[in-house]
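What Swiss-Prot records for Tyr130 is active site, proton acceptor, and it gives similarity to another entry as the kind of evidence. Swiss-Prot lists Thr113 with the feature substrate binding site, giving similarity to another entry as the kind of evidence.
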Amino acid sequence: MLDVNKKILMTGATSFVGTHLLHSLIKEGYSIIALKRPITEPTIINTLIEWLNIQDIEKICQSSMNIHAIVHIATDYGRNRTPISEQYKCNVLLPTRLLELMPALKTKFFISTDSFFGKYEKHYGYMRSYMASKRHFVELSKIYVEEHPDVCFINLRLEHVYGERDKAGKIIPYVIKKMKNNEDIDCTIARQKRDFIYIDDVVSAYLKILKEGFNAGHYDVEVGTGKSIELKEVFEIIKKETHSSSKINYGAVAMRDDEIMESHANTSFLTRLGWSAEFSIEKGVKKMLSMKE
């Protein structure tokens, strides 16, 4: 158990990844200040969690508490036609403000959450504004670290995360639901390859990073299994595990012209820390199916 005085300032605590991480941080004995939007209700009530509206962030600076690390998870993908200005607030202005508050918060450790969409060699028109905003913040964070050489900034780039309690519209929960109901599925040829990383492994990567001591600097850390697998193979695994009679209509949906056809994590950084993913896609799907809905 860690020293309970280790306090984490966290954004995105009500998100899929954030909620899972929050549970584990509590188990590890961390205390958490969870920033949220005024209209968002807390997802977990615990004595180790203090929920705080984002606009009240300055109040923390007025206190005498020391923050061990800032963990930024809040993200706006722009999937629901969110105005670009709103995406910019969440993906650039909020984390940049947190960077600027680091001296007042008495912390020199910042962990930011990114995704494989943001890799500079990837181009995906469907999420251009999201990718542009995330890349903008990464560049700003590099400038900040150059100007504050005692700061440790880690950009955690997550591959395709999946697991229980994820949004129903995400590909794995969506296919599982369809398969359970024996409903036919229309999809592309499903030759895209993704590095599917189970949520428990993602959380363990965050915890590993939090517990390690790093030299000051700017780090880009990729989180995944290190191996990619075709969507078609994943669909067939789910069909087998659910004993479904669903028909999968491969090629019924046209592929996007700029589809990212392959992505996998370079796990060398985390491997050097002694971390490795425990869940294969088969093991992860089985665990999801074993959980109560």
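Placement of Cβ uses the backbone N, Cα and C atoms for every residue, glycine included.
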Completion exercise
CA pair the residue listed as 'substrate binding site' / Tyr130 (active site, proton acceptor), Å rounded to integer, equals 13
Problem - Count of other CB atoms lying within 10 Å of the CB belonging to Thr113 (substrate binding site) - result: 25
